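Each remark here refers to the structure printed beneath this line.
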Amino acid sequence: HSVSRASPNLTFVPACLPPDPVEVEELQRFVSNSKRLFVMTGAGISTESGIPDYRSEGVGLYARTDRRPVQHAEFVRSASARQRYWARNFVGWPQFSSHQPNEAHLVLRDWEKLGKLHWLVTQNVDALHSKAGSQRMTELHGCTHRVFCLACGDRILRSELQEHFEALNPTWKAEAFGVAPDGDVFLTDEQVRNFQVPACRKCGGILKPEVTFFGDTVSQEKVNFVHQRLAESDSMLVAGSSMQVYSGYRFALAAREKKLPIAVLNIGPTRLDHFASLKLNSRCGELLPLIV
């Protein structure tokens, strides 16, 4: 995997101080003492690749706008909600799919190659860990690069669906006015109105990204699998997540129950701060490359 090491894009990264040498030393000791490190990443690891998140102070979607992501029930129930979702996703896809891994993704891939990292769980749906070359990995909330049919389960690549959208909407054009997390952009209702959404090519069913939307749950099979990987691990590192979403937080609770040491690397407070062994307030792409 040859991924170019580009300079970070800090548009959506909250301001923070450079890493404290003492903290670098503490994290170095934590990683060196780990033989089977379990890593969980969140949106804060991808902000340096230019992808906005939801919760970052001042720069996240919730701080910048009153907009909220699509809810699972609404997507399934409402044709107009799906039309709105896919129109915005269609406009945002070329840029979103072109984002590249940053230093933090590449370091975690290297740790895996060196045998330092036992398993990686990402809450992100941006495929950046895959692009970096990570293999011992679970995408907890799925991935926007895959699409499936809610009726028959047929799967296609999101890039293939983009071609179907283009064929169905040859004259449809819309200029986005702002980007949101996960390939979403801002469009008006007027812009969305005439956008055509293709049905499943096999059965005519509803197409949905292979992603756990807000209000949906992660499959029990996947949760059990991640719990097994955690049970094999001897420490946990959380990178770029406030752990506000329970689907990820439950694994930190399980790690605490097993008395595993937990290190947290995140700009701003997290739900783990009161029981983590180590809390570091730095950019993932700035601190992780300092650990050998």
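A Cβ is built for glycine as well, from the same backbone N, Cα and C atoms used for every other residue.
What TrEMBL says about a protein is an automatic prediction, not a curated fact.
Values in this document were obtained by computation on a predicted structure and should not be read as measured data.
As recorded in TrEMBL, the features of this protein are as follows:
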ACT_SITE  His141  active site, proton acceptor
BINDING   Cys149, Cys152, Cys200, Cys203  Zn(2+) binding site
DOMAIN    17-292  domain 'Deacetylase sirtuin-type'
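Listed binding-site residues: Cys149, Cys200, Cys203. The one with the lowest count of other Cβ atoms within 10 Å of its Cβ is Cys203. Closest by Cα distance to the residue listed as 'active site, proton acceptor', from the binding-site residues Cys149, Cys152, Cys200, Cys203, is Cys149.
All protein chains included, Cys152 (Zn(2+) binding site) registers 12 other Cβ atoms within 10 Å of its own Cβ.
Mean predicted confidence for the domain 'Deacetylase sirtuin-type' (17-292): the pLDDT average there is 91. Sitting within 8 Å of the Cβ centre of Cys149, Cys152, Cys200, Cys203, and not among those site residues for Zn(2+), are the Cβ atoms of Leu150, Ala151, Gly153, Asp154, Ala199, Arg201, Lys202, Gly204, Gly205, Leu207.
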